[in-house]
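So that you can see what the record holds, here are the features copied from Swiss-Prot:
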- PRO3: N-acetylproline (MOD_RES)
- LYS14: N6,N6,N6-trimethyllysine (MOD_RES)
- ASN123, THR173, LYS177, ARG295, HIS327, SER379: substrate binding site (BINDING)
- LYS175: active site, proton acceptor (ACT_SITE)
- LYS201, ASP203, GLU204: Mg(2+) binding site (BINDING)
- LYS201: N6-carboxylysine (MOD_RES)
- HIS294: active site, proton acceptor (ACT_SITE)
- LYS334: site 'Transition state stabilizer' (SITE)
Amino acid sequence: MSPQTETKAGAGFKAGVKDYRLTYYTPDYETKETDVLAAFRMTPQPGVPPEEAGAAVAAESSTGTWTTVWTDGLTSLDRYKGRCYDIEPVPGEENQYIAYVAYPLDLFEEGSVTNLFTSIVGNVFGFKALRALRLEDLRIPAAYAKTFQGPPHGIQVERDKLNKYGRPLLGCTIKPKLGLSAKNYGRAVYECLRGGLDFTKDDENVTSQPFMRWRDRFLFVAEATFKAQAETGEIKGHYLNATAGTCEEMMKRAAYARELGVPIIMHDYLTGGFTANTSLSNYCRDNGLLLHIHRAMHAVIDRQKNHGIHFRVLAKALRMSGGDHIHTGTVVGKLEGERQVTLGFVDLLRDDYIEKDRSRGIYFTQDWVALPGVLPVASGGIHVWHMPALTEIFGDDSVLQFGGGTLGHPWGNAPGAVANRVALEACVQARNEGRDLARQGNDIIREAAKWSPELAAACEVWKEIKFEFDTIDTL
């Protein structure tokens, strides 16, 4: 035995497998304002006590490993370790628990969502002692939130850029999402924008394919945008997807969009990655571009109720990483979204201070200390009959995005856009007059359709369309 080993052994070092509870389960711990707090939904393996499982989560996502190591004595574990400070059973679920874990702020690099996620969810989700694990919520302390620049511009600056106030913004995803030539794509954009929409959008998987290279698309779309803008007198935009295979190529596309003078670009932030997203957000801030964020791949991560990461966490991560819009689901359309849960993370995106509210899935009070807000985008299977509900649910600070609900109009793209704009204006006026959109919504749409043949035709086409499936992700 070497002298160093003898010295360490004499100081009390004892090799062996760790009992995590002895070090990482601390029910008497009082959380600090600077702690990053996490709420995990755990499903331990049979025979594993919840206290041991919660302690293992805290250990494996902070300083711990499976065995005792002599280098533990070279640092202060009490200063740097994560702590499981509370465990509660999930009502109505067998062998599921919410484990609350506190992490010291010094564990995380300033301004890096990538490092935050690598630490908290990077390894522990494959831990054998757990059958399943889901990160339900994070509390980002004000001291850490201040290290992020957040959205490039935020809600108020976007409204000022667009000179549009007092109503939700209207958008449309161009369809078919793949296969159009750049010139025909630009034509579809023009028809939608001249009909009354504020934005049109590249679908998330439109980047630079053989049928439509990115530079051609950018050129034709810019021409369409400026033509519609000149005809209507309104500022228009199209979300040009800058997502690419490398960060260098992505930044080149963003720079070209800036040279063309368009107001907004787009990024697929989960498939592109947080590092790329933050870099693009910084570029947009410095160069006056709005940044639309698509959440492609989110359901792979967030849809299962007992394993993965809840979208409210991904939404918080996006607000820190940077984006002016993000898709959030609709509550009423074809995509997953329970009302109270959706409204919870919509508030986390828009508001400065959000109180803890378990009825909406918010586990911690969140103070963003004036980090700019993000506009929620409602899209997926919505049409004119949904307009009253969408206006009532999402309010003015939102983007209501109709793809098939615009392009599927029997008279074409421009009449489809007219129908949506008329429906929106009618709902906003009715709301401002004190009418109840939830109860009188259909009547409001019918009244507006009497003087808008485009809206009347849309109402007839989609009168029977519903997506009535039970949501998977409930409280």
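Even glycines carry a Cβ here, placed using N, Cα and C.
Swiss-Prot feature annotations superimposed on the structure.
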residue: ASN123; record: substrate binding site; DSSP class: coil
residue: THR173; record: substrate binding site; DSSP class: strand
residue: LYS201; record: Mg(2+) binding site; DSSP class: strand
residue: HIS294; record: active site, proton acceptor; DSSP class: strand
residue: HIS327; record: substrate binding site; DSSP class: strand
residue: SER379; record: substrate binding site; DSSP class: strand
### Task
Determine the most Cβ-crowded residue among the binding-site residues ASN123, SER379, using a 10 Å radius around each Cβ and all protein chains in the structure.
SER379
### Query
Which whole number of Å gives the largest C-alpha distance between any two of ASN123, THR173, LYS177, ARG295, HIS327, SER379, the residues noted as binding substrate?
36
### Message
Give me the long-range Cβ neighbours of ASP203 (Mg(2+) binding site): same chain, 6+ apart, Cβ under 8 Å, in sequence order.
### Response
THR173, ILE174, LYS175, LYS177, LEU178, ASN241
### Query
Among all the protein chains here, how many other CB atoms are within 10 A of the CB of HIS294 (active site, proton acceptor)?
28
### Task
Determine which residues of the same chain, besides LYS201, ASP203, GLU204, have their CB within 8 A of the center of the CB atoms at the recorded Mg(2+) site, and list them by sequence.
THR173, ILE174, LYS177, ASP202, ASN205, VAL206, TYR239, ASN241, MET266, HIS294
### Query
So how many other Cβ atoms are close to HIS327 (substrate binding site), meaning within 10 Å of its Cβ?
22
## Note on the structure
Around the Cβ of GLU204 (Mg(2+) binding site), other Cβ atoms within 10 Å, all chains included, total 21
### Task
Can you grab the distance from HIS327 (substrate binding site) over to HIS294 (active site, proton acceptor)? Cα atoms, rounded to a whole Å.
6
#### Entry: HIS294 (active site, proton acceptor) versus SER379 (substrate binding site) - Cα distance in angstrom
11
### Message
Please report the distance from the Cα of ARG295 (substrate binding site) to the Cα of LYS201 (Mg(2+) binding site), rounded to the nearest angstrom.
### Response
14
### Query
Nearest to ASN123 (substrate binding site) by Cα distance: which of the recorded positions LYS201, GLU204, HIS294 is it?
HIS294
### Query
Between GLU204 (Mg(2+) binding site) and HIS294 (active site, proton acceptor), how far is it from one CA atom to the other, in Å?
7
